[in-house]
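TrEMBL annotations:
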| type | residues | note |
| --- | --- | --- |
| TRANSMEM | 20-42 | transmembrane segment |
| TRANSMEM | 69-92 | transmembrane segment |
| TRANSMEM | 104-126 | transmembrane segment |
| TRANSMEM | 138-158 | transmembrane segment |
| TRANSMEM | 170-190 | transmembrane segment |
| REGION | 233-285 | region 'Disordered' |
| COMPBIAS | 248-271 | compositional bias 'Polar residues' |
Amino acid sequence: RIWHNWRRKNTDGLPGTMLMLWASCAVPFGVYAVVQASFLALQLQPQCFGGLTLIAWGQTLYYGNKWRAWTAAAATVGMVVAFAASEAILILTLRIPYYKGVEWPMMMMAILASVMQCLGLVMPYFELAKRQGRVIGIDFWFLLIDYSGAFFSLMALVAQHTFDVLGGSMYIVAMTLETGIFMSQAIWLWRVRHIRDEAKKLGMTYDEYVDAHPTKKLSRKASLETVADVEAAHAEEPAVPEKCLSRTPDTASAQEPTGTNTNTSTAQLNEQALEAPEKAVTSSR
């Protein structure tokens with residue numbers, strides 16, 4: 001993800017709050033893994049995760065918030081030092097009571113790490129709501145790797161002699177929220193499949209096509225009929241009843257003589273009906 005941000009020179013759609021929450025949750029997560037004396041891979045994972053996440057957070061400061069390079073770098077290095085010092089102090093402080101049988105501090109570390117990680121994964125859902133479910137700024141390789149890390153970490157806990165419920169629940173929640181992000185993108189792709197096909201035929205990207213045809217863009221409050229019309233990539237013209245169609249001048253002029261002849265014929269019939277009784281009286285005389 002760091003390489004992707006650097007290549008695009010853009011971090012749109014990648015919430016800085018999410019990255020900071022993830023980097024922060026690496027501290028209690030690391031304390032919990034080290035004090036519990038878990039497998040080495042489980043102890044190294046939060047350290048790598050926190051460090052790389054802070055680098056991505058620094059990129060949001062530089063590319064997204066337009067900080068100067070040295071200011072963003074100084075802020076990132078400062079957070080790395082602060083998090084590393086906090087984790088070292090907590091490990092040295094909480095290890096002694098844990099070895100004496102006091103386990104509630106470790107439980108608090110696990111709960112705190114789980115809550116912070118879950119809150120970090122909730123942040124992208126606000127971005128999804130703004131874009132009708134479209135995922136922007138979060139690379140799917142990044143999500144897939146993170147999902148795989150949570151899955152294999154869960155399997156490592158299963159392979160231990162005793163299953164760590166708190167640690168396992170953290171991985172399960174993370175996998176569930178990331179699955180929701182995958183599903184949101186899949187649903188969005190299905191909804192705009194016809195628009196993407198039209199854009200592909202014209203040699204345009206989806207964003208370029210929507211910019212050129214604003215009416216094709218999905219509306220958050222659109223009804224099902226509107227969404228169906230947008231997906232079909234065409235606008236149906238309402239049918240106009242024939243009675244409402246205005247007559248053309250040629251048609252009107254062609255119909256006027258017919259009306260005149262009809263009126264003339266009716267007048268002649270009326271005159272003949274009036275003359276008939278007079279003729280009958282004359283003949284009788």
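Glycine is treated like the rest: Cβ placed from N, Cα and C.
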Could you give the residue numbers and ranges of same-chain residues that sit at least 6 residues beyond the transmembrane segment (69-92) on either side and whose C-beta is under 8 angstroms from one of its C-beta atoms?
23-24, 26-28, 30-31, 34-35, 50-51, 54-55, 57-59, 61-62, 109
Chain residues outside the transmembrane segment (104-126) and at least six past its termini with a C-beta under 8 angstroms from it:
15, 17-22, 24-29, 31-32, 35-36, 90, 94, 97-98, 135, 138, 166-167, 169-170, 173-174, 177-178, 180-181, 184
